[in-house]
Amino acid sequence: MKKIAFFPGDGIGPEISAAARAVLETVAELAAMPMQIEEGLVGGAALDAHDDPLPEASLQLAKTADAVLLGAVGGPQWDARPPAQRPEQGLLRLRKGLDLYANLRPAQIFPQLLAASPLRPELVQDVDILVVRELTGDIYFGQPRGIDVVDGKRRGFNTMVYDEGEIRRIAHIAFRAAQGRRRKVCSVDKANVLETTRLWREVVTEVAREYPDVALEHMYVDNAAMQLIRYPAQFDVLLTGNMFGDILSDEASQLTGSIGMLASASLGEGRGMYEPIHGSAPDIAGQDKANPLATILSVAMMLRHSLQQEEWADRIETAVNQVLDQGYRTADIASPGEAVIGTRSMGEAVVAALRAGAAA
Ligand SMILES: NC(=O)C1=CN([C@@H]2O[C@H](COP(=O)(O)OP(=O)(O)OC[C@H]3O[C@@H](n4cnc5c(N)ncnc54)[C@H](O)[C@@H]3O)[C@@H](O)[C@H]2O)C=CC1
Ligand SMILES: CC(C)CC(=O)C(=O)O
Ligand SMILES: [Mg+2]
């Protein structure tokens, strides 16, 4: 029996994760895979219920599961809270608590959506990028951090810190991933200014010697942000720290047409967590407008990386391709004149395509 921890979260989280859960349940049924999905609270929903964005019961649920499926957390109603009492801290603590240091964010083009990208089709048609983002270190976790008062003025400070072990283990993930792809790693840093990333560059260069079949390039993050728009097809694996990867993967999502298309897997030595790269989108929450495909594609990543069900991962991706072929579009991926459907209908279309594929 596989146990899945299920955290819908906040904003559009419950809507997109309900669609993804239905896809997972359909796979479990069609593949006759015994599965138990247990729901827990994280983020703002957990703050409201327990005054803690990651109650101990939720962490234990995640730790005892074979895999975790998460929607998104956060929202304006919790923005005024002190840092430790924000929904986002629940997610960060979950990632840290499960030691999920490797965040894989594939940005691949669905040819049906070429017109949805703000870039010209000829610029994006050959794009296939895997962002490998370090997820449990960097300025998001470094100490000291805070806001204090110095000389009568408020001062905010954070600490960007990586030790060589943290850099080495994520670099290995990137090089191994590249070996199964086009054998190119572009490591992104700001080594011309920041010591942390100067060490990053040194350690990545050391690790690269163990992978002579993979070409390594270093790029400063400001240039990388520009190159992603100028000539995105040049990238294969983009290896980054936590903050640069957060920013560059949102940017890369636009190559595919929408942030609503980008799935992710967060991996460590144990179980994995699967979530879309986007947030809780409060501007469209509760309106049946959100694109559930990123979360559905995250279920495919779960089947591939945590449940050893490669064939069913492929089948979900095929089903997504089919619904796009059939012209189903949520608002974020619709071109002018195309009919728009809602979150629920998109999820149902994927389930129907999965069932049709299994019956064929
Ligand atoms: N992993 C997580 O749970 C994350 C949580 N957040 C939190 O989410 C909240 C909102 O943050 P934002 O900066 O607005 O980022 P966001 O990713 O939630 O939204 C950015 C824009 O993309 C759109 N969008 C996002 N997902 C979409 C989808 N599936 N379908 C269609 N459109 C979609 C939104 O409507 C919005 O216009 C904040 O509280 C933030 O801290 C932000 C990023 C990641
Ligand atoms: C803690 C999250 C809000 C950070 C984020 O934006 C992300 O992981 O994509
Ligand atoms: Mg982000």
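Just so you know, glycine gets a Cβ as well, placed from its N, Cα and C.
Annotation comment: TrEMBL describes 75-88, 279-291 as NAD(+) binding site. For Ala285 (NAD(+) binding site), the same-chain residues lying six or more positions away in sequence with a CB closer than 8 A to its CB are Asp10, Gly11, Ile12, Glu15, Gly75.
A helical conformation is recorded for Arg95 (substrate binding site) in the three-state DSSP classification. The substrate binding site annotation in TrEMBL covers Arg95, Arg105, Arg133, Asp222.
Spatially close to Asp246 (Mg(2+) binding site) yet at least six residues away along the chain are Arg133, judged by Cβ distances under 8 angstroms. Here TrEMBL flags Asp222, Asp246, Asp250 as Mg(2+) binding site.
Taken from TrEMBL, the feature domain 'Isopropylmalate dehydrogenase-like' covers 3-350.
Look at TrEMBL and you will find Tyr140 (among others) tagged as site 'Important for catalysis'. Under DSSP, Tyr140 (site 'Important for catalysis') is assigned to a helix (H, G or I) in the three-state scheme.
A 10 Å cutoff on Cβ-Cβ distances gives Lys190 (site 'Important for catalysis') a total of 18 other Cβ atoms nearby, all chains included. Look at TrEMBL and you will find Lys190 (among others) tagged as site 'Important for catalysis'.
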Residue pair Asp250 (Mg(2+) binding site), Ala281 (NAD(+) binding site) - Cα distance, angstrom, rounded: 13
Message: Given the recorded positions Asp79, Pro83, Tyr140, Asp222, Asp246, return the subset with CB under 6 A from an atom of ligand 1, ordered by sequence, or none if empty.
response: none
- line: Closest by Cα to Lys289 (NAD(+) binding site), out of the recorded positions Arg105, Tyr140, Lys190, Asp222, is Arg105
- prompt: Given the recorded positions Arg105, Tyr140, Lys190, which one's Cα is the least distant from that of Asp79 (NAD(+) binding site)?
  reply: Tyr140
Message: Can you give me the residues near the recorded Mg(2+) site, meaning same chain, not Asp222, Asp246, Asp250 themselves, Cβ no more than 8 Å from the center of the site's Cβ atoms?
response: Val221, Ala225, Met243, Phe244, Gly245, Ile247, Leu248, Ser249, Glu251
Field: binding-site residues: Asp79, Asp250 - member with fewest neighbouring CB atoms within 10 Å
entry: Asp79
